[in-house]
Amino acid sequence: MFGKKNLKWLGVVATLMMTFVQLGGALVTKTGSADGCGSSWPLCHGALIPEFFPIDTIIELSHRAVSALSLLMVLWLVITAWKHIGYIKEIKPLSIISVGFLLLQALIGAAAVIWQQNDYVLALHFGISLISFSSVFLITLIIFSIDQKYEADELYIKKPLRRLTWLMAIIIYCGVYTGALVRHADASLAYGGWPLPFHDLVPHSEQDWVQLTHRIMAFIVFTIIMITYIHAVKNYPNNRTVHYGYTAAFILVILQVITGALSIMTNVNLIIALFHALFITYLFGMTTYFIMLMLRSVRSDKQ
């Protein structure tokens, strides 16, 4: 059960499960299904199996079930990884972070159901779950990198790219928070057309300000990632890990911008909105991978 041969498929399945947790949370918010089980948690309308199953109850129950299964899968993964590849420096802290933030995510979700938190607190939920996802994602990448197909262990990242990548990570996380706030504040269609309502640029409500703030953050995110991408491919042309990694990040942010624009143009089409959540999830995951490589470079400086 905890054999080393299970590591790769466990990593893939756990990463996919965490992806479904992210998408499930976005689906709950987008469809207004957060109250699908009333104010009961972990029960649903005070029962293990509710008497009626309207669509919002099905969505909320499904999200809870996937979250519970993902916790079990992540526990299985981290125990196996700790046992067999715990000698790799990042495995143990990533294991603790992945489980810890997954539990914290569940507690915040439960608090939101029971005590009805305000939008600014609820917006933290997606960001916290994103940290848990990224930790699982990194464990999986480490498992596959043991084969050293891309020689990532020998990669040395210089200070200019390190600074840009740290800035990129911080800006992305701020953008994630504002995006989650847009969903929770029901501001997806606020502040007129995209990219700006040129006929009336002045925000007139809190929702307008939330939406405008997110658009500004999205523009900053795109700009920083584009600058970082150009720097990376220009200065590391022969390193496949950097070249492919930052290229993938740039493609993901382009897709993120496109789906963000289409969400507004289509009056928040659900499929497009879920792709919007998917792209930012993997963009942040890629960014945390760059940070892990950077920290290895910092350690090599000290040796």
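Glycine is treated like the rest: Cβ placed from N, Cα and C.
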Is it the case that Arg296 shares a side of the membrane with Glu90, at least as far as the topological domain names in Swiss-Prot go?
yes
For Cys37 (disulfide bond) and His276 (heme b binding site), what Cα-Cα distance in Å is obtained after rounding to a whole number?
26
I need the nearest neighbour of Glu60 (active site) among the recorded positions Cys44, His125, His276, using C-alpha distances.
Cys44
When you look at the transmembrane segment (126-146) alongside the transmembrane segment (68-88), do they share 3+ Cβ pairs under 8 Å, ignoring any pair fewer than 6 residues apart in sequence?
yes
Intrachain residues whose Cβ lies under 8 Å of the topological domain 'Extracellular' (266-270), provided they are six or more past its termini:
27, 30-31, 188-189
For the transmembrane segment (126-146), could you work out the same-chain residues 6 or more beyond its ends whose Cβ comes under 8 Å from its Cβ atoms?
7-8, 11-12, 14-15, 18-19, 21-22, 25-26, 74, 77-78, 81, 85, 88, 90-91, 94-95, 97-102, 104-105, 108, 152-153, 173, 176-177, 179-180, 277, 281, 284-285, 288-289, 292
Among the disulfide-bonded residues Cys37, Cys44, which residue has the largest number of other Cβ atoms within 10 Å of its own Cβ?
Cys37
